[in-house]
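Chemist: Got a structure for you, questions after.
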Amino acid sequence: MKIATWNVNSLKVRLPHVVDWLAANQPDALCLQELKCENSAFPLAEIEAAGYQAVFNGQKTYNGVAILTRQSLADVTHNIPGFADEQKRIIAGTLDGVRIVCGYFPNGQAVGSDKFAYKMAWLEALTAWLQDELKATPRLVLAGDYNVAPEDRDAHPDWKDEIHVSEPERAAFRRLINLGLTDAFRMFEQEERAFSWWDYRMGAFRRNFGLRIDHLLISAPLVEHCTACYTDKAPRKLERPSDHTPVVVELK
DNA sequence: ATGGCTTACGTGGTAAGA
């Protein structure tokens, strides 16, 4: 099973890239973040024409998540149960016994801000919910844009802001790991300074001035089945790219 | 080397992202 995650920064703008990427890579599931469109505007016909089904949780202008699959998902969940939130950041479904959770984690803006407090509360609610999810479905993949670079090697050395690399954010990431999850990307040898996001400005991609903030965490029963995990930088080189690359995990 | 992009909304200039 091949599962990928990709923050597309507007599905409307990136739809041609998504359709091309599906054709070229044939994932079993593609988790998307930052759709930036209402459910009524979701491009379902185009996705279906590409041979995929979709479940989605969108809103106007901001946020929004979807999972595209070739086979139907079971037990689809929208948002974190019991966590009151106007922002559409979670969708989950079960594919062939694997629980796939797709998340667009809050940005946080600046350490100490109201948005940072929301980020931390959201992470706490996610962690509590996933603890239950793992009991119900031990085979689980947590895919998405975490907006956290978990270790120093996941950020360019010249990254000066605290946001995305602060200790409270990294501690929250470790609490997810401590549920029994493994960062699939780090199971395999990777190049130095391997990132998943680069700012649009200042030639950041060309200079490889980026962060690794898009992750695929897999639960313990999946670890022995995991054969590869990698980023695909090709879409970042296209015209009008998303600022994020897809990240892919392969399970056999 | 951190706003110098990009997007949505809406029709000019903000807000937000990371």
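Cβ coordinates are placed from backbone N, Cα and C, and glycine is handled just like the others.
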Chemist: Return the residue out of A:Glu34, A:Glu124, A:Glu167 that TrEMBL annotates for the same Mg(2+) site as A:Asn7, A:Asp145, A:Asn147, A:Asp243, A:His244.
Modeler: A:Glu34
Chemist: Of these recorded positions, A:Glu34, A:Asp145, A:Asp243, which scores lowest on Cβ atoms within 10 Å?
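Modeler: Candidates: the recorded positions A:Glu34, A:Asp145, A:Asp243. Fewest Cβ atoms within 10 Å: A:Asp243.
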Chemist: Could you state the whole-number distance in Å separating the C-alpha atoms of A:Asp214 (site 'Important for catalytic activity') and A:Asn7 (Mg(2+) binding site)?
Modeler: 8
Chemist: Give me the CA-CA distance between A:Asp243 (Mg(2+) binding site) and A:Asp145 (active site, proton donor/acceptor), in Å, as a whole number.
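Modeler: Cα-Cα distance, A:Asp243 (Mg(2+) binding site) to A:Asp145 (active site, proton donor/acceptor): 12 Å.
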Chemist: Quick one: of A:Asn7, A:Asp145, A:His244, which recorded positions lie within 10 angstroms of A:Tyr104 (active site), measuring between C-alpha atoms? Sequence order, please.
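Modeler: Correct set: A:Asn7, A:Asp145.
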